[in-house]
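> Structure below; questions to follow.
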Amino acid sequence: MSNILILDFGSQYTNVLAKKIRLLSVFCEVLPWNTPLEKILQKSPSGLIFSGGPHSVYQNNSPEVDKEIYNSNIPILGVCYGMQLIARDFGSEVQGGKSEFGYTPIVFYPSELFKGLADQDAFHTEIRMSHCDCVVVPPKDFFVIASSQHCPIAAIECPKKKLFGLQFHPEVSDSQDIGDKILSNFVKHICQTSETWKIETIEKQLIQGIREKVGETERVLLGLSGGVDSSVLAVLLHNALGDRLSCVFVDTGLLRKNEVEEVKQQFSSLGLEILVVDASEKFFHDLSGIEDPEQKRKVIGAAFIEVFDEASKNLDVQWLAQGTIYSDVIESAKSCDATQVIKSHHNVGGLPEKLNLKLLEPLRFLFKDEVRALGKVLGLPDVLISRHPFPGPGLGVRVLGEVRREYVEIVKNADSIFIEELKKANLYHKVSQAFAVFLPCKSVAVKGDCRHYGYTIALRAVESTDFMTACWPSLSREFLNRCSSRIINEIPEVCRVVYDISDKPPATIEWE
């Protein structure tokens, strides 16, 4: 099967790049930059990409690759730091102080990499630059194929070795049309890949992989959340294992309004029997007094495991299945030691060392949009597939600070009002995710001519294609006013509503 490997040097866009390549129907995997050459070659990659990163190639102990990789006859594309690394490894000098940020005029020259952009003549356009270092002179046998005013060597190629370098990021949305064309040229034409990464193929591979891993007699326990990921996984596992799957839905007390009944009805219609366990007392007890977001996630993850472990004693199961997806792994920073931890995912960072069940994560290398596409192939109803993402820790990370029952009830009702109004205004499917956040601080208000102290609710909505980056939508004043009025009037404890206008980055989508 055709495949592209990305060696990750710590760029915040590495996984966006991987998703872009998969959209070309070619499998792409992200590996740490220091992956041994032998392991890389064992995967028989059709092409390699060196990602960007926060380092400078002239610094001591900067990340580098085994130089034998250049003799492998595998096409290589270096992006930003990756280009500078290739240039340095072939004898060129890289210097700092030549920074460019934002939209920059650039000229593309004829190259196989720019097929369809600069076939005969130079192509003038603008591209988004974000770099502090520049290649001073092209290495021997390399040609300059793009230039900007402050970066004369903005792209390079060595046709003989099929080595290419870009000083800019083709994967960022600002450069989408041009960037997509460049990536397509590299992946499809230079690497000569075939379109083998398709949802129908993925479904068959996942089912086969599940059966091989679990064997013919062992059983699997799945913790349902009611979200897209666990719902898709439930049907996938049922198709693979039949009645050897046991589904447990844990009522943590941290779920959305009416979620327990909705989940029972949805899965009953899919022919899946589920066991509902009310563990809300345990979760609130374990979270008592804990304010740190990271600690809350770990406590919630540990509590899930304890509940599942107890349930498994009566179900004769050997495996615990989780709906971990690629973005969960990414945000927990397990793909590259040059990346800093943003937040632990409860499925990833919160697992205790001693796990009495073997872990099964079939969706671990799928992005959210791929999970949704898989759900359609599996026949899940749109109401499940198109539902907004909900964090594994639930409302536990939408109550800032200590999690208390009364706080959860407040944010649960506020969230329900917000979602209801979005659906009424036909906005629910126009935003990628929306929810309410409880702020445990009181402010002064006036209700019924009396002085009143009440809590604050923050409303959060984002638009995103991959949830690695996101922007806030400009919801109308009239719409926000309706939401605010209902929340303040229908929830006595609330006296103030604010709307979050923070993009990701720098903010994350969830507040905790």
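Each Cβ is built from the backbone N, Cα and C atoms, and glycine gets one as well.
Feature table excerpt (Swiss-Prot):
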DOMAIN    3-196  domain 'Glutamine amidotransferase type-1'
ACT_SITE  CYS80  active site, nucleophile
ACT_SITE  HIS169  active site
ACT_SITE  GLU171  active site
DOMAIN    197-387  domain 'GMPS ATP-PPase'
BINDING   SER225, GLY226, GLY227, VAL228, ASP229, SER230, SER231  ATP binding site
> For a quick check of packing: other C-beta atoms within 10 Å of the C-beta of SER225 (ATP binding site), how many?
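Step by step: centre on the Cβ of SER225 (ATP binding site), count other Cβ atoms within 10 Å, giving 23.
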> Count the other Cβ atoms sitting within 10 Å of the Cβ of CYS80 (active site, nucleophile), across every protein chain shown.
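There are 24 such Cβ atoms around CYS80 (active site, nucleophile).
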> Using a 10 Å radius around its CB, how many other CB atoms surround ASP229 (ATP binding site)?
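23, counting other Cβ atoms within 10 Å of ASP229 (ATP binding site).
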> Between the Cα atoms of SER230 (ATP binding site) and GLU171 (active site), find the distance and write it as a whole number of Å.
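Cα-Cα, rounded: 29 Å.
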> Compute the mean position of the Cβ atoms of SER225, GLY226, GLY227, VAL228, ASP229, SER230, SER231, which form the recorded ATP site, and then list in sequence order the other residues of that chain whose Cβ is within 8 Å of it.
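Apart from SER225, GLY226, GLY227, VAL228, ASP229, SER230, SER231, the close residues are LEU224, VAL232, LEU233, GLY323, LEU384, ARG387, PHE390.
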> Measuring Cα to Cα, how far is SER225 (ATP binding site) from GLU171 (active site) in Å?
32
> Give me the Cα-Cα distance between HIS169 (active site) and ASP229 (ATP binding site), rounded to a whole Å.
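Taking the Cα atoms only, HIS169 (active site) lies 30 Å from ASP229 (ATP binding site).
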> Listing them in sequence order, which of the recorded positions GLU171, GLY226, GLY227, VAL228, ASP229, SER231 have their Cα within 10 Å of that of CYS80 (active site, nucleophile)?
none
> In this structure, which of the binding-site residues SER230, SER231 has the fewest other Cβ atoms within 10 Å of its Cβ?
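Each of the binding-site residues SER230, SER231 was scored by Cβ atoms within 10 Å; lowest is SER230.
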> In Å, rounded, how far does the Cα of VAL228 (ATP binding site) sit from the Cα of GLU171 (active site)?
26
> What does DSSP say about SER231 (ATP binding site): helix, strand or coil?
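Helix, per DSSP.
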> Measuring Cα to Cα, tell me the gap between SER231 (ATP binding site) and GLU171 (active site) in whole angstrom.
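Distance (Cα to Cα, whole Å): 30 Å.
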> Check the domain 'Glutamine amidotransferase type-1' (3-196) for me and report the mean pLDDT.
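Averaged over the domain 'Glutamine amidotransferase type-1' (3-196), the predicted model reaches a pLDDT of 90.
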> Among the binding-site residues listed here (GLY226, GLY227, ASP229), which has the Cα closest to the Cα of GLU171 (active site)?
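Closest by Cα: ASP229.
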> In which DSSP state, out of helix, strand and coil, do we find SER225 (ATP binding site)?
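The three-state answer is coil.
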